[in-house]
Ligand SMILES: [Zn+2]
């Protein structure tokens, strides 16, 4: 006899939700926090957030979901490997540190960790010192396997850090003017479309059905 299945929302309401199993995470592609990468990260923090900063550590209060827009897993990993930014005229005034992400989710749902969650990655203007970044290989065609992997990974990080906000990169501007927004240059801002309202709605609904909810975004 198997146990009867109850809706996850009911279990969550009753406080009976099981801790979600930790997702399988491939750490074979971790970037090395070399002295130059650490120094460039610190320079970014000093330029944008706090001229007196001495640490690259962040406080994860938020998860930001992205898509890569182009390419394959391999090209994504190659994009994040260098320490110095190149080929991004849109954000080059923001400093030399390359863009990055803590996690990359491949088309088949494989989760790769690239960075320690509490080391700052350059992935979301204004909010990098509070935000863990998850990149998805693809664009407006993210797969069911990626949705499942994002659900597991967000659930895991939510439980690990008590993360308060889950946002799509396209929603980040809603935090301008809030205490979490640290960018000193009001003209340093880019309009984003990733990963789009449809994917975020699916992800939020899936998480909510497992009892994982986040604070509402600022208006
Ligand atoms: Zn993005």
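Including glycine, each Cβ sits where the backbone N, Cα and C put it.
Here is what TrEMBL records for this protein:
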type   : residues : note
DOMAIN : 48-180   : domain 'N-acetylmuramoyl-L-alanine amidase'
SIGNAL : 1-19     : signal peptide
I'd like the per-state residue tally for the domain 'N-acetylmuramoyl-L-alanine amidase' (48-180) from DSSP, helix first, then strand, then coil.
37 helix, 26 strand, 70 coil
For the domain 'N-acetylmuramoyl-L-alanine amidase' (48-180), mean pLDDT (0 to 100):
96
